[in-house]
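Colleague: One structure coming up, written as structure tokens, with questions to follow.
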Amino acid sequence: MESNGVPMITLSSGIRMPALGMGTAETMVKGTEREKLAFLKAIEVGYRHFDTAAAYQSEECLGEAIAEALQLGLIKSRDELFITSKLWCADAHADLVLPALQNSLRNLKLEYLDLYLIHHPVSLKPGKFVNEIPKDHILPMDYKTVWAAMEECQTLGFTRAIGVSNFSCKKLQELMAAAKIPPVVNQVEMSPTLHQKNLREYCKANNIMITAHSVLGAIGAPWGSNAVMDSKVLHQIAVARGKSVAQVSMRWVYQQGASLVVKSFNEGRMKENLKIFDWELTAEDMEKISEIPQSRTSSADFLLSPTGPFKTEEEFWDEKD
């Protein structure tokens with residue numbers, strides 16, 4: 001199924017995923033009618049891939065929008081959609097993975113997910129989601145048993161595929177050493193200001209699809225940056241191509257062989273973001289983008305602890321690898 005010209009990517013497990021999805025993180029209108037209407041509008045204009053998570057607190061609104069889209073005839077079947085959600089760190093324990101997924105399904109009013117991701121490579125003491133995580137709650141993840149529980153979720157049919165998010169090459173190696181079903185996706189920050197070249201090469205060699213988040217700098221998030229949208233290089237390319245800076249950034253990610261999720265509640269920008277697949281950046285454009293200074297926008301500070309598995313950003317991201 002293609003919608004509004006969005007290509008389908010075949011993951012290593014054989015299932016197909018729209019190359020572009022709508023993100024649902026960090027909305028300022030969580031749990032409101034406006035949030036539901038934004039998701040409904042996204043379906044109406046052509047989005048078929050939605051990326052949510054237990055921690056985003058957007059699952060229930062997305063579920064309501066899906067139900068309404070079916071009632072309105074915007075889609076004929078839930079099978080037309082590709083729904084991704086994520087396992088929160090406090091549930092990243094072998095005995096809590098399946099209950100957490102089942103809770104997400106209840107929130108979404110769905111019988112299955114298309115993709116379920118481990119949100120971060122770290123666990124927390126079990127409990128409800130909190131914005132301020134006590135440092136003594138941060139624990140190392142038992143990759144072997146947690147991933148085995150993820151595999152069980154797929155085997156039981158509650159999700160069609162499983163993957164990870166915010167994993168470095170080193171952490172992927174640790175997880176895959178004991179995996180019976182390899183992860184099909186690693187969702188990470190990637191943009192013209194964070195190329196992730198080494199990670200992309202590793203994932204490609206291991207048949208793991210990169211899904212890029214924060215493609216436009218995560219503007220509006222507490223850790224957001226204007227580096228992408230203010231880039232003179234990207235502005236020059238955008239003017240030359242008759243495109244927006246956002247479209248250039250998204251197109252660059254796609255031309256690197258990655259899929260992506262982006263978020264907008266503005267109908268005009270929703271439509272604009274879909275229009276990145278019928279044109280290409282030139283080799284000269286790509287060369288210019290390759291020279292843009294690199295910096296990470298995402299911060300792992302909230303998951304760092306003197307007594308936890310990761311004490312510094314460098315340890316969390318394995319930046320020195």
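Quick reminder: no glycine exception, Cβ is built from N, Cα and C everywhere.
Okay, so Swiss-Prot annotates it like this:
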BINDING   T27, D51, S165, Q187, S214, L216, S264, R269  NADPH binding site
ACT_SITE  Y56  active site, proton donor
SITE      K86  site 'Lowers pKa of active site Tyr'
BINDING   H119  substrate binding site
ACT_SITE  H119  active site, proton donor
REGION    299-321  region 'Disordered'
Colleague: Quick one: pull the CA-CA distance for R269 (NADPH binding site) versus K86 (site 'Lowers pKa of active site Tyr'), whole Å only.
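Modeller: For R269 (NADPH binding site) versus K86 (site 'Lowers pKa of active site Tyr'), the Cα atoms are 26 Å apart.
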Colleague: So if I exclude everything within five residues of the ends of the region 'Disordered' (299-321), which remaining residues of that chain have a CB under 8 angstroms from its CBs? That is, six or more out.
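Modeller: Same-chain contacts beyond the flanks: 89, 120-122, 133, 135-136, 138-141, 166, 168-171, 198, 223.
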Colleague: Tell me, in order along the sequence, which recorded positions from D51, K86, S165, Q187, S214, L216 have their CA within 10 Å of H119 (substrate binding site).
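Modeller: Passing the 10 Å Cα cut: K86, S165, Q187.
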Colleague: Have a look around Q187 (NADPH binding site) and count the other CB atoms within 10 A of its CB, chains all included.
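Modeller: For Q187 (NADPH binding site), the count of other Cβ atoms within 10 Å is 29.
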Colleague: These are the recorded positions: K86, H119, R269. Which one scores highest on other Cβ atoms within 10 Å?
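Modeller: Max Cβ neighbours within 10 Å, all protein chains included: K86.
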Colleague: Count the other Cβ atoms sitting within 10 Å of the Cβ of L216 (NADPH binding site), across every protein chain shown.
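Modeller: There are 26 of them.
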Colleague: Would you mind checking how many other C-beta atoms are within 10 angstroms of the C-beta on S264 (NADPH binding site)?
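Modeller: Around S264 (NADPH binding site), other Cβ atoms within 10 Å: 17.
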Colleague: Quick one: DSSP breakdown of the region 'Disordered' (299-321) into helix, strand and coil?
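Modeller: For the region 'Disordered' (299-321), the helix, strand and coil counts are 8 helix, 0 strand, 15 coil.
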Colleague: What does DSSP call H119 (substrate binding site) in the simple three-state scheme?
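Modeller: In three-state terms, H119 (substrate binding site) counts as coil.
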Colleague: List, in sequence order, the same-chain residues at least six positions removed whose CB sits under 8 Å from that of D51 (NADPH binding site)?
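Modeller: In sequence order, G21, M22, G23, T24, A25, T84, Q187, T211, H213, V261 meet the Cβ cut-off.
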Colleague: Could you work out which of the binding-site residues (S165, S214) has its C-beta surrounded by the smallest number of other C-beta atoms within 10 A?
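Modeller: Across S165, S214, these binding-site residues, the one with fewest Cβ atoms within 10 Å is S165.
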Colleague: Pop the Cα-Cα gap between S264 (NADPH binding site) and K86 (site 'Lowers pKa of active site Tyr') into the table, whole Å please.
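Modeller: If we compare the Cα positions of K86 (site 'Lowers pKa of active site Tyr') and S264 (NADPH binding site), the gap is 20 Å.
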